[in-house]
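Report on the structure given below.
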């Protein structure tokens, strides 16, 4: 199987494409996911792309490192990204903390912290999301949710409105076709018997399990068939804490 680096995933999402779409999901109730962040990214080559992310502190957003770029603007409080509302807060990213061990071949350590130029104002439409402790190892079989503005089908454009889908955490064996899948660093998400998945455009968004962000959308198959691979947040809690404490 051909696996593509995550930057391409944002345009292909899942064989190894960056996961960026919600396939088989439904539209979220407006502003029911106040932690969601929409990232507009200018790449080093000039073209722009988009990713998801989520607010963990008033001045920090957590996302995937394959969403890094020359510059990033974060929109909080959005539901329809084409219709500006009073709830919107557009904030500039002043520093991108990319995980130092990120590997574009294995796609391990696909996690990044974004420091915002200004602190977000917490409102009914903008809020923070809890993330797990280092030793919180979420078990297979758990039903979780992922949200994003990504494609709703392999050949379809990105969604204007925030979409959400329920996905099951799978045993590591379900992701054995991904050559570099590592259960200690990553989560295998999505029942292969179902059509529901995250796809291009959802990259960087959170996997929410019992109210806690356990994973970050990373990559999957080019045809968007589940399961997909998510970064396991609990493994990176010490790294996250170190950056938050120093900034």
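Even glycines carry a Cβ here, placed using N, Cα and C.
Here Swiss-Prot flags 66, 110, 203 as active site, charge relay system, drawing on similarity to another entry. Swiss-Prot lists 51-67, 144-209, 175-188 with the feature disulfide bond, giving sequence analysis as the kind of evidence. The domain 'Peptidase S1' feature in Swiss-Prot is assigned to 22-245; the stated evidence is sequence analysis. Look at Swiss-Prot and you will find 80, 103 tagged as N-linked glycosylation site. As annotated by Swiss-Prot, signal peptide applies to 1-19.
Comparing the Cα of residue 80 (N-linked glycosylation site) with the Cα of every entry in 66, 110, 203, these being the active-site residues, the smallest distance points to 203.
The most densely surrounded of the recorded positions 80, 203 is 203 (count of other Cβ atoms within 10 A of its Cβ). Counting only same-chain residues at least 6 apart in sequence, those with a Cβ under 8 Å from the Cβ of residue 188 (disulfide bond) are 140, 169, 170, 171, 172, 174, 175, 181, 227, 229, 230. Across the structure, residue 203 (active site, charge relay system) and residue 51 (disulfide bond) are spaced 5 Å apart at their Cα atoms. The shortest Cα-Cα distance between residue 67 (disulfide bond) and any of the recorded positions 103, 110, 144, 209 is the one to 110. The Cβ of residue 144 (disulfide bond) has 138, 166, 167, 168, 169, 189, 207, 208, 209, 214, 215 as same-chain neighbours under 8 Å, each 6 or more residues away in sequence. Among the recorded positions listed (66, 103, 110), 66 has its Cα nearest to the Cα of residue 51 (disulfide bond).
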